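Going by Swiss-Prot, these are the annotated features:
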BINDING   20, 21, 80, 284, 354, 361, 362  N(1)-(5-phospho-beta-D-ribosyl)glycinamide binding site
BINDING   112, 153, 158, 159, 160, 161, 162, 163, 193, 194, 195, 196, 201  ATP binding site
BINDING   265, 277  Mg(2+) binding site
DOMAIN    117-306  domain 'ATP-grasp'
């Protein structure tokens, strides 16, 4: 049952994090008559521009967060980013609030140590060999133990911040410093991972809902410095690799529990599959599903968290996405080149409306169909590169 927005009967959803993914969640929730409250650390975030109400708070401050939760009394609390006091979500859940998918899932996936130990040590899923280090001395020992090349990540970060590949012993101290600068929260721990020479990596969007578990067609993607740059669907895989990917995705999402969509990242080499990471929310590489599927990842997430039916998910046609990035910092920008971008065949454009820019900030995405994924990728790249961001 869903009530009437802005009335006593309203079904209220509080979104913690109001970026471009959250904006799409807001729109899909509102299409089903849900009242949405958007929260983030800065004003005029994309989801705030379309929500019924918005609050600007430091979500790492449980006092501030608790104040707005008590004021709004949401039926569902939906984390959209990692920069949240996730231990406090556990307390809110104990008080009777519903956290999506669960407070435990949000807490575990915020921390690479928590989710890696769950996947590798509790569930026995194949992963890259890894070590954790909380000092420069233990970091050097971990790199020596894992071997070169290796991948270094803060245990708490997002969008590739603080991640690097160490190829020589001379790079160790710089990698440690970079990880410390890119980490989020008070933790000074990093994970050192074996470098896996994979053929490709995928996101397997996995939906837990009242009727069971549904998998979307696999999404191929390219990351640059640990951050999503382009994605496409479907990604061609062997039947054995797809089956193993689905097995691993179901195992980890079942362990996390709750309802909603999960972005499960996996490395693939031939028929072999390694678990990498999981996000208990819509995934940035999944933006391609806004055109590629009969139901986008945002529609699927909203249906699942509201307890509504989730039918079979179908890929409509080969499609791809490519990011539009800012190159410099500015408090206000304009966009040119839209005529050229939208003249690319079978292409759409999404500009996120972020209030300011910084180098490398994602400001939009181009979405394209093609006769195959190669053509779709080329079209999306052409359109994205046609967009010019002009600082004022």
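Backbone N, Cα and C atoms are what each Cβ position is placed from, and that goes for glycine too.
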**Prompt:** Can you tell me the three-state DSSP label for residue 195 (ATP binding site)?
**Reply:** coil
**Request:** Kindly assign residue 277 (Mg(2+) binding site) to one of the three DSSP-derived states: helix, strand or coil.
**Result:** strand
**Request:** With H, G and I counted as helix, E and B as strand and the rest as coil, say where DSSP puts residue 284 (N(1)-(5-phospho-beta-D-ribosyl)glycinamide binding site).
**Result:** helix
**Message:** Sequence gap of 6 or more, Cβ distance under 8 Å: name the residues on the same chain that satisfy this around residue 20 (N(1)-(5-phospho-beta-D-ribosyl)glycinamide binding site), in order along the sequence.
**Reply:** 46, 287, 350, 352, 354, 362, 365
**Fill in**
Cβ density check for residue 193 (ATP binding site), other Cβ within 10 Å (all protein chains) comes to 22
**Message:** If you measure from the CA of residue 265 (Mg(2+) binding site) out to 10 Å, which binding-site residues from the list 80, 160, 162, 193, 195, 201 are inside that radius?
**Reply:** 201
**Request:** Work through the binding-site residues one by one (162, 193, 201) and name whichever has its CA nearest to the CA of residue 361 (N(1)-(5-phospho-beta-D-ribosyl)glycinamide binding site).
**Result:** 162
**Prompt:** So what's the average pLDDT for the domain 'ATP-grasp' (117-306)?
**Reply:** 95
**Message:** Checking your reading of the structure: which of the binding-site residues 21, 80, 112, 158, 195, 201 lie inside a 10 Å Cα sphere centred on residue 277 (Mg(2+) binding site)?
**Reply:** 112
